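K.L.:
Taken from Swiss-Prot, the feature ATP binding site covers R260, G344, Q345, T346, G347, S348, G349, K350, T351. Feature annotation from Swiss-Prot assigns coiled coil to 614-652; the stated evidence is sequence analysis. Taken from Swiss-Prot, the feature domain 'Kinesin motor' covers 254-584, and the record attributes it to sequence analysis. As annotated by Swiss-Prot, phosphoserine applies to S3, S19, S92, S106, S108, S112, S162, S171, S183, S188, S515, S626. Taken from Swiss-Prot, the feature region 'Globular' covers 1-250, and the record attributes it to sequence analysis. Positions annotated as region 'Disordered' by Swiss-Prot: 164-188. Swiss-Prot lists 203-234 with the feature region 'Negative regulator of microtubule-binding'. Sequence annotations record features per position, and here Swiss-Prot assigns motif 'Microtubule tip localization signal' to 95-98.
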Amino acid sequence: MESLHARLFPGLSINIQRSNGLIHPANISTVNVEKSCVSVEWIEGGTTKGKEIDIDDVAAINPELLQLLPLRPKDSLPLQENVTVPKQKRKSVNSKIPALKEGLRSRSTRMSTVSEVRIPAQENEMEVELPVPTNSRKQFAIPSHPRASCSTVTELPLLMVSEEAEEQAHSTRSTSSANPGNSVRRKSCIVKEMEKMKNKREEKRAQNSELRIKRAQEYDSSFPNWEFARMIKEFRVTMECSPLTVTDPIEEHRICVCVRKRPLNKQELAKKEIDVISVPSKCLLLVHEPKLKVDLTKYLENQAFCFDFAFDETASNEVVYRFTARPLVQTIFEGGKATCFAYGQTGSGKTHTMGGDLSGKSQNASKGIYAMASRDVFLLKNQPRYRNLNLEVYVTFFEIYNGKVFDLLNKKAKLRVLEDSRQQVQVVGLQEYLVTCADDVIKMINMGSACRTSGQTFANSNSSRSHACFQILLRTKGRLHGKFSLVDLAGNERGADTSSADRQTRMEGAEINKSLLALKECIRALGQNKAHTPFRESKLTQVLRDSFIGENSRTCMIAMISPGISSCEYTLNTLRYADRVKELSPHSGPSGEQPVQMETEVMEASSNGTSLTGNEEEELSSQMSSFNEAMTQIRELEERALEELREIIQQGPNWLELSEMTDQPDYDLETFVNKAESALTQQAKQAKHFSALREVIKALRLAMQLEEQASKQINSKKRHQ
C-alpha cells in the first residue's frame, strides 16, 4: 500500500465512482497519508465539484495502479557472480529510455527471470561503468545494442510485476466488469463519521424513550398534564420552604399588599387539574407557567412575585385576618381611615375570605373578615383608653354595579353619589345602622349578602358581579371619628369570559375593568404621597375618596389566586396587578430566587399559543379605545336622560291624581277644571325638558350603535387571530 501512496500525487487523473454508481475521471487535489484517503476534483455543469475517497476505493476502481509499480534501476540489471557493486562508490547511470506510454499500462506482460533475456551487444547504446575492487583491476562492460530494438528492450523491465499482484488485479477487474452495480465500495471518512453520529443519536433517543417510559410508570398518565405535574414535583423537591406562621411578627405598612392561594376545589379535582402555584416563603410566591417551545418541547417558566405576605392553601381566614385587616382596626380608633380590598379572579375565594365560609348559597358570616373586624372593634371600644370617647358603632352595606350604587340593607334602593359644598363625597340615601355587638353585625352581613348581585361565569355558577363595600363607622356625638371600609371586589376576568355576550354583560365588564384601573392608580397615589388622586375615574374610587386622602389613611389589598393550570393566565394577571400597586420587585425578597426554566423532552401534536404582531396590537388597541369611548359616552348620556326624566316627573302635573279624582261620585267639577287648567299650563312650561330629553335619547341611541359596532370589530379580530 505504501507503494500505491507513492504513485498518487496531486494532479494525477484517476477514475472515481459516484454515489449513484457513475464512474468518471477526476484529478487528485490532495493526498492525506494519515487518513489514507485522497481528495479529488472534477468539473460538472460548469462548476467544480469534489469529494474525499479512501485509498482502498481508489485501488478497487483503478487496478492498473497496482500493476505500474516502478522498479529501481539496479533491479533491472542481471546478477553476475564476478561483479561486486560497492554501495558508496556507485556512479550514476545515464539512460535515454523514453517515457512509458499510457497504452502500455493496461498490457499484462510477465517475465520469468531477467537472466533469460539475451540482448545482442550491437543494439545497446547505454553504457554502465562499474568500479572494480582494488585487488582486481579488470573492467566489465554491458554489451551494446542496436538503436532499432530499443523500445522493445525498455518495456520489459518496467512492466515486471509479481504473479500474485497480477492475479489480484485480474480478479478485481473480472469481478468489477461482471457485476459493476453490486461491487462493494469502502466508505469514506465523512460517511463513517456520519454513521457514527447517526448511531449515537439513535442510542440517545432510545435512552430517552426508556426514561420517558420509566417516568410514565411512576405517574398517572391519564392526567391531561402529568408531564408538567412531574416537573413541578421535581422542582418543589429542591425548594427550601419556610411558610408564614402565626408566631411571625406583624409588620406595619401604610400600603400592605398580600397574596392568598386557595386549594384546588371539587371541580378542579374532578378535571384532574394540577397545582401550578408554590409558596416557598412568607413573602415569595412562584408561578410554574406551562410553556411549549417551537419544537413542541414542554418546559416550565417559573415566575417569582414578592409581596408583604404570602399565604399558602393551608392558611385559614384567622391567619389571613391577623396579618392583613387586624392591624388596620387600631387606625380607625386613632381617627383615621382604613380600607381592605379583596381582589382576584372569579372563584378565587374573595367572598369566602371577606364574608365567611360558603355552603351553596348560604354563608357562615362569623368566619369572615367582616365579622372578625367587628369583634375587634367592640373589644377595643370597651378598653379603658377608648371608653371615655363615648364611641358609637354604625355599619353600612352597599354595592356598586354598572356604575350605580345600591343599598343592600334597604331593599337594594338606588343611591346617588354627590359632592357637597365642602367637596366631601356623600352617598345620598345610604342607611346607617347602629349596632351594639358583633352578633348584630353578623345579622347585617347575612341580610346584605343575600341581596348582592350575582351572575354566572365559566369559573363560578354564582359569581358576585358587583363591588360590595361593608363599612364600620365610629361616631362620637354624631361626628365621624373613624371609618373602616372592607371591599369585596368583582372578578377581574369578565371581559375575557364573555367575548360574545350581550350589551349588558359588556357594560358590566367594562365598568369592572375601569373601576379596577382607577383603584390601582388611587392606591399608588396614596403610597407615593401624590398631590392629585384620580378618584373621579370611577364610582368605586369616588365613594372611597376619603380613604385615599389624609396622612392617617392605610390600605391593605389581598390578592386572591386560583392554583389550577386552567387559571394560570388569570392568576398571572392578578399577581401583576397587585405587584404594580406597590411596585415590589421579585428580586427584593429575602430569598432572591431567580426565575428558572425546566425542560423535558415531550413532543405534542399541536400548540395553542398565539401571539400578536405590532400592527395587530395597534389595530386592536384603536378598536378597544373606540369601545371605551362609546361606553363612557353611554354612561354620561344615561345620567343626563335620568336627570331630565326626574325633572319632568317632579315638576310636571299629576295626571293620575286628576283621573282618580273623577272616580269619586261627588267630586267637585269646579276643582277638577281648575286643576286641569293648571296642569296644562305646567305641561306647556315643560316643553324644554321634553325637547332636551328627546335630544339626549337620540344621542344615547347613536352611542349604543357605536358601542355595538366596536364590540363586533374586537370580537371579529380576536377570532381571526
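Note: Cβ is positioned from N, Cα and C throughout, glycine not excepted.
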K.L.:
By Cβ count within 10 Å, point out the most packed of the recorded positions listed: S19, T351.
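P.N.:
The residue with the densest Cβ neighbourhood is T351.
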K.L.:
Taking only the Cα atoms, work out how far Q345 (ATP binding site) lies from S515 (phosphoserine), in Å, as a whole number.
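P.N.:
About 15 Å separate the Cα atoms of these two residues.
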K.L.:
How far is it from G347 (ATP binding site) to S626 (phosphoserine), counting Cα to Cα, in Å?
P.N.:
31
K.L.:
Radius 10 Å, atoms counted are CB only; among the recorded positions S3, Q345, S515, S626, which position scores highest?
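P.N.:
The residue with the most neighbouring Cβ atoms within 10 Å is Q345.
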K.L.:
How many other Cβ atoms are found within 10 Å of the Cβ atom of R260 (ATP binding site), counting all protein chains shown?
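P.N.:
R260 (ATP binding site) is surrounded by 28 other Cβ atoms within 10 Å.
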K.L.:
Just jot down the residues in the same chain as G349 (ATP binding site), at least 6 apart in sequence, with C-beta under 8 A of its C-beta; none if empty.
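P.N.:
The answer is R260, R262, M560.
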K.L.:
How far is it from S3 (phosphoserine) to S19 (phosphoserine), counting Cα to Cα, in Å?
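P.N.:
The separation of the Cα atoms works out to 28 Å.
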K.L.:
Summarise the model confidence on the region 'Negative regulator of microtubule-binding' (203-234) as a single mean pLDDT, whole number.
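P.N.:
Reported value for the region 'Negative regulator of microtubule-binding' (203-234) is a mean pLDDT of 75.
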K.L.:
Reported as an integer number of Å, what is the Cα distance between S626 (phosphoserine) and S515 (phosphoserine)?
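P.N.:
That comes out at 18 Å between the alpha carbons.
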K.L.:
Reported as an integer number of Å, what is the Cα distance between S19 (phosphoserine) and T351 (ATP binding site)?
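P.N.:
S19 (phosphoserine) and T351 (ATP binding site) have their Cα atoms 75 Å apart.
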K.L.:
In three-state terms from DSSP, label R260 (ATP binding site) for me.
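P.N.:
Going by the DSSP assignment, R260 (ATP binding site) falls within a strand, counted as strand.
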K.L.:
Looking only at Cβ atoms, how many others are within 10 Å of the one on G347 (ATP binding site)?
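P.N.:
For G347 (ATP binding site), the count of other Cβ atoms within 10 Å is 26.
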K.L.:
Compute the C-alpha separation of S515 (phosphoserine) from T351 (ATP binding site), stating it in Å without decimals.
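P.N.:
Cα-Cα, rounded: 18 Å.
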K.L.:
What does DSSP assign G347 (ATP binding site), in three states?
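P.N.:
G347 (ATP binding site) sits in coil per DSSP, no helix or strand.
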K.L.:
With a radius of 8 angstroms around the mean position of the C-beta atoms of R260, G344, Q345, T346, G347, S348, G349, K350, T351, what other residues of the same chain does the ATP site pick up?
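P.N.:
Here the nearby residues are R262, A342, H352, T353, G491, M560, I561, S562.
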